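Written out below as structure tokens is the structure these notes cover.
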Amino acid sequence: MALRTTMGDGHDSIRVLHVDDDSNSTELTGTFLERADDRFDVETAVNVSEGLTYLAENDVDCIVSAYEMPGRDGIEFLEAVRNEDSDLPFILYTATGSEAVASDAISAGVTDYLQKESGTGQYTVLVNRIENAVEAYRSQQLLSERTRGLETLIRNFPGMIYRCRNESDWPMETVEGEVESLTGYAARTLEQREVNWGAEVVHPDDREETWEAVQESLARDDTFEVTYRIVTADRTTKWVWERGRGLYAGDGRPEALEGVITDITDRKRRETRLEQTTARLEALFENSPDMINIHDTDGTIIDPNPRLCEQTGYDESELTEMNVWDLDQEVDPEKARMIWDAMEPGDRHRVDGEYQRKDGSTFPVEIHLRRLDLEANNWFVAISRDITERTARERELQRAREEYEALINGMNDTAWVIDTDETILAVNDAAVETMGYSREELRSMTPHEFDVGLEAAEITTRITDMPTDEIQVFETVHETSDGERIPVEISSSLIPYRGDTAVLSIARDITGRKKREKRLERFASIASHDLRNPLNVAQGRLELAREECDSEHLDHVGRAHERMTVLIEDLLTLARDGDGIGELEPVDLEAVAETCWRHVATADATVRIETDRTIRADRSRLAQLFENLFRNAIEHGGDDVSVSVGGRPDGFYVADDGPGVPEAEREDVFRDGYSTATAGTGYGLSIVEQVADAHGWTVHLTDGEHGGARFDIVGPEPTDD
């Protein structure tokens, strides 16, 4: 059983269930009720059981019941109805009532009690009683629903609902909703004014402004909306939004306020971030070093930034009357529209163009385009950058690349660009011609497939462990497509290649050099065996001759033998060591110079070593350099010559106080066999230059500080070891 209808405009039907065992009475009552008001719809039942059955299946607006009925009486019927619905209008309409019956009916929750009387006037009274009962019931139902709705609203409202006095500190009278979650205070704390809203909750910096805004709205008899900060019980600051209205006294004075307050801290933070972002974007737009314009789907420029105006020579008003193809005459309007139509919001597109300035000159640009849906408009943001310098650099780089490729391809040596994973990235024309493979074939190979002079592990190490700041020089053998083996000297270094790092290897054919080295080896063998043996015999015979006779001629022969010995040693040094060097290591100049001085026949000569430098060198070959410079000083400066060894920023020097070397002869002294000393071989300084060249150094001959000769060795690499 439930409410059948809600109160409307006064024409809602009223369904009445009349229960009475007197069928004549129920029929007559129904007729009079329906005749009195066409809203009535009367249904009948002759006993309580039938009435309850009807109620179980149908809705009614009011029950009219007799008291005395067979089985169960009207009070029992009332009690059964109240068990299901405590408010449904129930009128006890009986002919046999009494005060006791009326009392029991009231106790059971009867809505009204009416005694049957004679005459038709009683039906008018019954009609009025039914209408009043139904109207009251429906009003109560409507009020209950509204109350429940309001309670639901209050329970679910994201904030608090209040009523307060319109005084400067806004003392709260009633607060509902999420009071504690909003403020940190219990509702009763605010209602009992233990904490004052205006004086203690509203942020002190916002109180005056908020009060004035509310009072201005009240003065106009208008609702008010204000945004301000509050300080919660735990001293947290929140932003709130308040909407309310005034309650006015009889004299028109606003004596109270009622409204709602909700937390907008998150929204305020978003707004603040949005404002900051907008400010940054505006600053970026106005101050960007790039040219920016916003245009629509027709290509019309809507908003250019100052940089675009500055770069093109147009002012803002001129640019906003132009299309993008007026600015970039390389743009095809139809193709541009097709690109724009295909772009989704947020899509990006990059293109190169050429802007035309107001004076007719042009400059290349790189354009980054992005579609944005702003303010219900499909707009495009074009960020352009002048790439004049970059274009010039790219042209220069392309020219340099072409020159480099021409240089590499013009070399007689083979050139290889090898990735660190050992794949061949590029080769020059000489490699194709020498190896007998096509360029594509060589690029599909690895060095392991044609390098037959090194072990596989060493090949890999020389590629993958290539030093970053050194040139690696080594010898190996390359095998061509037809099986020919070519000895090569490879110089390798790391280079940048197409955005990565690769190994550049230049391989020089040293077939001729290898043949010369074999001839030198043969010559050295001859010099060592075929010349030394007769010399040793001659020196032995000389000693025997000295035992048999005393002649000054024998001393001349002995000195000739000594010179021949030195000459043979120098020739062997030139032939065997050549221009090669061994492993470089840290060498102490002072220590090696002192050792070499002791190995040279110095007589009364003296040496002064004034350097503590350490350089990277082949120790044994550096010793050859010092020994030959020391011998040269003694041969030309005499037995009492003074020799000095010192350092310089880019190397070291060896000087003496002998006669020096005339400037006209300085280029000749390094030639093989050239000497002005009677005891010299003419090969010492040639060996000095050979050792220097093998290390990558240079030798400069100048006048010494004390008039002798000074040899400057330039280029040794210092070391901290």
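Glycine residues also receive a Cβ, built from the backbone N, Cα and C atoms like all the rest.
Pulled from TrEMBL, these are the features on record:
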type: DOMAIN; residues: 15-131; note: domain 'Response regulatory'
type: DOMAIN; residues: 146-221; note: domain 'PAS'
type: DOMAIN; residues: 224-276; note: domain 'PAC'
type: DOMAIN; residues: 277-334; note: domain 'PAS'
type: DOMAIN; residues: 349-399; note: domain 'PAC'
type: DOMAIN; residues: 400-442; note: domain 'PAS'
type: DOMAIN; residues: 467-522; note: domain 'PAC'
type: DOMAIN; residues: 526-719; note: domain 'Histidine kinase'
Could you give the residue numbers and ranges of same-chain residues that sit at least 6 residues beyond the domain 'PAS' (400-442) on either side and whose C-beta is under 8 angstroms from one of its C-beta atoms? 448, 450, 459-460, 463-464, 466, 478, 480-482, 486, 488, 495, 497-498, 500-509
Across the domain 'PAS' (277-334), what is the average pLDDT of the model, as a whole number? 88
Secondary structure split (DSSP) over the domain 'PAS' (146-221) reads 39 helix, 14 strand, 23 coil
Could you give me three numbers for the domain 'PAC' (349-399), the DSSP helix, strand and coil residue counts? 12 helix, 31 strand, 8 coil
Determine how many residues of the domain 'PAS' (400-442) DSSP places in helix, in strand and in coil. 22 helix, 9 strand, 12 coil
